[in-house]
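Visitor: The following block contains the structure, expressed as structure tokens.
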Amino acid sequence: MDALCGSGELGSKFWDSNLSVHTENPDLTPCFQNSLLAWVPCIYLWVALPCYLLYLRHHCRGYIILSHLSKLKMVLGVLLWCVSWADLFYSFHGLVHGRAPAPVFFVTPLVVGVTMLLATLLIQYERLQGVQSSGVLIIFWFLCVVCAIVPFRSKILLAKAEGEISDPFRFTTFYIHFALVLSALILACFREKPPFFSAKNVDPNPYPETSAGFLSRLFFWWFTKMAIYGYRHPLEEKDLWSLKEEDRSQMVVQQLLEAWRKQEKQTARHKASAAPGKNASGEDEVLLGARPRPRKPSFLKALLATFGSSFLISACFKLIQDLLSFINPQLLSILIRFISNPMAPSWWGFLVAGLMFLCSMMQSLILQHYYHYIFVTGVKFRTGIMGVIYRKALVITNSVKRASTVGEIVNLMSVDAQRFMDLAPFLNLLWSAPLQIILAIYFLWQNLGPSVLAGVAFMVLLIPLNGAVAVKMRAFQVKQMKLKDSRIKLMSEILNGIKVLKLYAWEPSFLKQVEGIRQGELQLLRTAAYLHTTTTFTWMCSPFLVTLITLWVYVYVDPNNVLDAEKAFVSVSLFNILRLPLNMLPQLISNLTQASVSLKRIQQFLSQEELDPQSVERKTISPGYAITIHSGTFTWAQDLPPTLHSLDIQVPKGALVAVVGPVGCGKSSLVSALLGEMEKLEGKVHMKGSVAYVPQQAWIQNCTLQENVLFGKALNPKRYQQTLEACALLADLEMLPGGDQTEIGEKGINLSGGQRQRVSLARAVYSDADIFLLDDPLSAVDSHVAKHIFDHVIGPEGVLAGKTRVLVTHGISFLPQTDFIIVLADGQVSEMGPYPALLQRNGSFANFLCNYAPDEDQGHLEDSWTALEGAEDKEALLIEDTLSNHTDLTDNDPVTYVVQKQFMRQLSALSSDGEGQGRPVPRRHLGPSEKVQVTEAKADGALTQEEKAAIGTVELSVFWDYAKAVGLCTTLAICLLYVGQSAAAIGANVWLSAWTNDAMADSRQNNTSLRLGVYAALGILQGFLVMLAAMAMAAGGIQAARVLHQALLHNKIRSPQSFFDTTPSGRILNCFSKDIYVVDEVLAPVILMLLNSFFNAISTLVVIMASTPLFTVVILPLAVLYTLVQRFYAATSRQLKRLESVSRSPIYSHFSETVTGASVIRAYNRSRDFEIISDTKVDANQRSCYPYIISNRWLSIGVEFVGNCVVLFAALFAVIGRSSLNPGLVGLSVSYSLQVTFALNWMIRMMSDLESNIVAVERVKEYSKTETEAPWVVEGSRPPEGWPPRGEVEFRNYSVRYRPGLDLVLRDLSLHVHGGEKVGIVGRTGAGKSSMTLCLFRILEAAKGEIRIDGLNVADIGLHDLRSQLTIIPQDPILFSGTLRMNLDPFGSYSEEDIWWALELSHLHTFVSSQPAGLDFQCSEGGENLSVGQRQLVCLARALLRKSRILVLDEATAAIDLETDNLIQATIRTQFDTCTVLTIAHRLNTIMDYTRVLVLDKGVVAEFDSPANLIAARGIFYGMARDAGLA
């Protein structure tokens, strides 16, 4: 380098330490300034260029139009190039004229000139690639300015010293160069306009990071606008940014799915290659037999393949940050030596202070960008896992559903996916922690020599303990997750059947079950927490113990080893660095343990079998046929016997085919087979054209009526009007508060069963499909509506005429109008053909018609089929009881098919006017000008209130509530213990400072024992106090979890039915799962970390102020800055967290809704649409999640700047006051300041996390304080023993509405039912029949009037005293998972003989006795492994056991075939002959022998007399009887 400078004007030396270091006025040599210093920016740009060009090539955002800013940048670049070339030509000019400049004057202008030309070209290339702000060029211009500052100062000082400018030309060109690069730097900080095709031009609220400048991205300033806005106004969903394209669910899930499919293909190839050949020799067979089991697809590998690159980038940031963290201890060492050396130049100390600040700022920036990458990757983890699970849940087979309930799958989507998100920030610790430990040990070795090996040995001894804790924690985690799954599953069942629990007064039994599971869950949590606290002592003490052991060995191993300030506090700083990886290792192990459990669960679910999309072939089939089945054999699961055998069916195109047969013969299974829902064992199935499907029990979405009908299709007003008219929905629209924009509510809760079925049918009609599969759609409506629907929709004259229709039905009167009939028996086709042909055969079908057709028609059946052509439906609607829902379950399938009815509440709750239409359904034709109005929903059209995020700060009462739940004494004790541990920590370090000063006084060795002993005692005391605080917090946290869950559970179990009608079950379950999870496992650790960081920060500031009192001057401005950042951050992050919490519930509600309707979704080929809807809901959640992550980074930059200023001022004041400070105090002060950044940052983070997570307590308390129903027992007003003795029921001027503000559904009802009377209750749909029974049980409370039973006002007694004395057999039979005995007798009140007697009378004895488990036969969730008919018989057995004086039948036999119905009616007449029986009936023939019949019309008594008198009066009842063929 000296040769480049020559020996002339620049001198001959490249470096001169006397000029640059050992002086009070340092400078660099002219040679250094004109060579290396000028080349540094150029070297940087040329080194960065290849990678940057590669990046630009693969990240083109579209070109930016040439702007004035871009032109100005270009001009500056050209001018800089010209200045460099002017310097070069000036050197050549000197050479020509014999002055021979130094070689550097040729090389440097050439290098700088070419580099400036490169920078100019790069500006243009960046513009063409859409770069708005170039980080590479900003750094380049910044380096140019920084490197020019030294010669800028030197030239001025030289000119001042010499009194003249020695080289005017180069002096001038240099300052022109400086002005130009400074201008270029300033211009580079301004952003260009967005690219021509940028999303910002069309997106109203684009993600600001994409268009932010480099400095804004570097310091996260682009978030400041939201922080200020969030401080001034509570953030709402509309204020949130759109997501970047790469962060959207669709892209993330697709990438993960592709990686998972690749894993599955690799596994399939591996299995294929591992399969032994057919002709293997004996030796080969031995070898093959020893092969390992075939491997399974690895979800972990799929995750790494998808997100590995993000982890690699974050790992680079982490590596740089880890290396930088070891620079400050070395700078501290230099600073202490500087303090110890009074002869050292002052600028050394200021330089060290500046370098410590600069190093700390670089650490902060790099660490925050690392966290940004890693947390974003964590969110992508969660997004991808949720999306993959959602897609898998849409295609799992029925055999898988018995193993995976909706509750378990929701846990996979919520808890397990969240655990992967929580794990992401810790993953890099797998390599980072060992690296930091190794580097710390290396530098400690440099400082203390071999003595450090003693500390290392101690750390190695901790590893087995760590492993043992990990094993135990994993075992606890597995057990706890199983219990949590059981609790969530049971809670979903309780929500599903809450109405039944209330009707039977069974809440205490299920309350006891939930509390039993919860007790086991809390016991495991308590054990795990105590195990964790015992290790807390070890981990808290381990860095200190390592320090102590190392120092002890150091001072005792060699008498010449003296512990001075440099060795002690540099070692303490290194041990503080060591503390972080050691302290994070337990959290890493805990998170890895939890994630490994979750990984296994997710992988197991994703590896389950899927439905075969090729089981139903869509290719062209036999000409003229729409459906063909050839030799078809089907089963619901591979391990079960076939349900359908050897089917050979051909359905002509455009035909109307009826499928009939007895209960359990496989009618609904046939529909399922056609949909591809069953597993095909043999044969072929062909279907040509699109399919529409109407399940036996309607599946309704939680959206408007119109959206349910359109089902994703575009609105065609004419077809929409025709559909509503044909499905008899027009009159309903007039009654619904919001017309067709009325929100139907979750599971259609504000519609009657008939209305839900007609909406489901309307969905199929509007779809305009080619093939319609109708699974008994007429069973849920009365005979008049059924006839209307058949005539105008299904029949030969209906809107579906000409379409292929497969109708499962028991409506005898409709059969003559079908093209042909398929008769099933025992899963096989027993007869098939047109109606007349089947009659002529005189087979089982003809015999059945003769037995069960109405009397007046029997004589005509054998004459000709035309005699029945115009017959009315006689209300003999045999409801196929095989599938309780769309197609997922078969009649005789014993498998626990639990998914289908999870989260379902089969409610009879109706809209404000009851169940639907209140008058006959005439054929209503629309005039040309009459249209169904498609308008915005009326204000009262919404049923479910949208969940709103709370605004403002969390009320102090919420913190107080949690403190009371923990225990006030416990809370106080925890705080005092932390005060004690902080005092012990300060004492230990002050004692160490005094110990190091002994070296200056040359104290004797015998003083060392005292110093070491006190230091050890204080350190161990600190760890012991922290352990006690952790144990107290663990005990208090578990206590709080118990109290809060108990309050929530008890309130919800006592909530009125109206609460469940208007609150989505997903929202309630989210509270029981996610919010309780936060209370159980998140809050206590967050509080501990907050206390730890708070007392650490206070301790640091106290120590620094005590060491350097001058520091108090800057405390106030730094505190103001800190408070400002905290205030802006807290307001914004709190609201973002609330928005995230609120937007999470719809994800789970939609998921449960999707799984419930999976068969319908697949039938309509809308799986992809629902995946998009799910992705949209997840994206809505992410829109608050990403800003929340950025808010933490924005906070950290601000807070760590404050912390780094503390480091700067601590070092500066130590330099300024070095004459009055000893090295021990300086070491103590600065080493403490190096910790304050982390403590201050962590304190705000934990404060925010606490406020964010305490929202869970807020929600739990909110749901724990909702209005409850009346007391179960009123001690002062209990009915007498044996009440009611007679069973008299009297309504006195009784009126009722479903909720405040709605219209009355019963108006001034007055009637008297005598004891022992049999009263039938009839009326058109929506008349208020079911409402009347709900009032009797006080599910609905009176708006006016009263109900008296045996003279006692039911409003005066407790609900359980009332409900336990009444019995209902509901319309929708609900069973719970558990034994049959539990479903009949949850309290264990009856003997086994009584239960068998009830089963005998309810015609279930044969079935139950044939089961190996007998009464312990396990019912699946919802009783789905029993047919609907069998479940209804179980409800009859319940009624027989209760033996109450009043029995209510709510269309109880609607799901039973006629033969079973006759048996049940006979049982009721004999066993309840002395009881008062109230029957809501669709089949009028079942009540014709009743004492009286009550006819309701629009909530009032229209007729009330004996059936004979009512028929004679020729009123409403007469009309209904005539329609049914009974009059």
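Along the chain as shown, residues are numbered 1 onward.
Cβ atoms are placed via backbone N, Cα and C, with glycine included.
Sequence annotations record features per position, and here Swiss-Prot assigns transmembrane segment to 33-53, 74-94, 133-153, 172-192, 303-323, 350-370, 427-447, 534-554, 964-984, 1086-1106, 1108-1128, 1223-1243 (among others). The domain 'ABC transmembrane type-1 1' annotation in Swiss-Prot covers 311-594 and is backed by sequence analysis. Taken from Swiss-Prot, the feature phosphoserine covers Ser908, Ser911, and the record attributes it to a large-scale study or a structure entry. Taken from Swiss-Prot, the feature region 'Disordered' covers 910-932.
Help me picture where these features are in the structure shown.
Guide: Long-range Cβ contacts of the transmembrane segment (33-53) within its own chain (Cβ-Cβ under 8 Å, at least 6 residues beyond either end) map to 1, 4-5, 10, 14, 102, 104-105, 107-108, 111-112, 115, 118-119, 122, 125, 136, 139-140, 143-144, 147, 150-151, 154.
Counting same-chain residues at least six beyond the ends of the transmembrane segment (133-153), those with a Cβ under 8 angstroms from any Cβ of the stretch are 27-28, 33-34, 37-38, 40-41, 44-45, 48, 52, 119, 122-123, 126, 174-175, 177-178, 181-182, 184-185, 188-192, 212-218.
With a threshold of 8 Å between CB atoms, the same-chain residues lying at least 6 positions outside the transmembrane segment (427-447) that come near it are 311, 314-315, 318-319, 322-323, 325-326, 329-330, 333, 370, 374, 455-456, 459, 550, 567, 570-571, 574-575, 577-578, 580-582, 584-585, 588.
Sequence-distant contacts of the transmembrane segment (1108-1128), counting only residues of its own chain at least 6 positions beyond either end whose CB sits under 8 Å from a CB of the stretch, comprise 227-228, 230-231, 1101, 1195, 1198-1199, 1201-1202, 1205-1206, 1209-1210, 1213-1214, 1216-1217, 1221, 1225, 1229, 1240, 1244, 1247.
For the transmembrane segment (1223-1243), the list of distant contacts is 328-329, 332, 335-336, 339-340, 356, 360, 364, 564-566, 568-570, 572-573, 576, 580, 989-990, 992-994, 996-997, 1000, 1089-1090, 1093-1094, 1096-1097, 1099-1101, 1103-1104, 1107-1108, 1111, 1122, 1195-1196, 1199-1200, 1202-1204, 1206-1207, 1210-1211, 1214: same-chain residues at least six beyond its ends, Cβ to Cβ under 8 Å.
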Visitor: Could you pull out which residues elsewhere in the chain have a CB under 8 Å from any CB of the transmembrane segment (1086-1106), counting only those six or more residues past its ends?
Guide: 974-975, 978-979, 981-982, 985-986, 989-990, 1026, 1029-1030, 1033, 1112, 1115, 1206, 1210, 1228-1229, 1232-1233, 1235-1236, 1238-1240, 1242-1243, 1246-1247, 1249-1250, 1253
Visitor: Six or more residues beyond either end and a Cβ under 8 Å away: which residues meet both conditions relative to the transmembrane segment (172-192)?
Guide: 64, 67, 69-70, 72-73, 76-77, 79-80, 83-84, 86-87, 90, 127, 131-134, 137-138, 141-142, 144-145, 148, 151-152, 155, 211-215
Visitor: State the residues, same chain only, that lie 6 or more residues beyond the ends of the transmembrane segment (964-984) and have a CB under 8 A from a CB inside it; answer 'none' if no residue qualifies.
Guide: 1018-1019, 1021-1023, 1025-1026, 1028-1029, 1032-1033, 1035-1037, 1039-1040, 1043-1044, 1091-1092, 1095-1096, 1098-1099
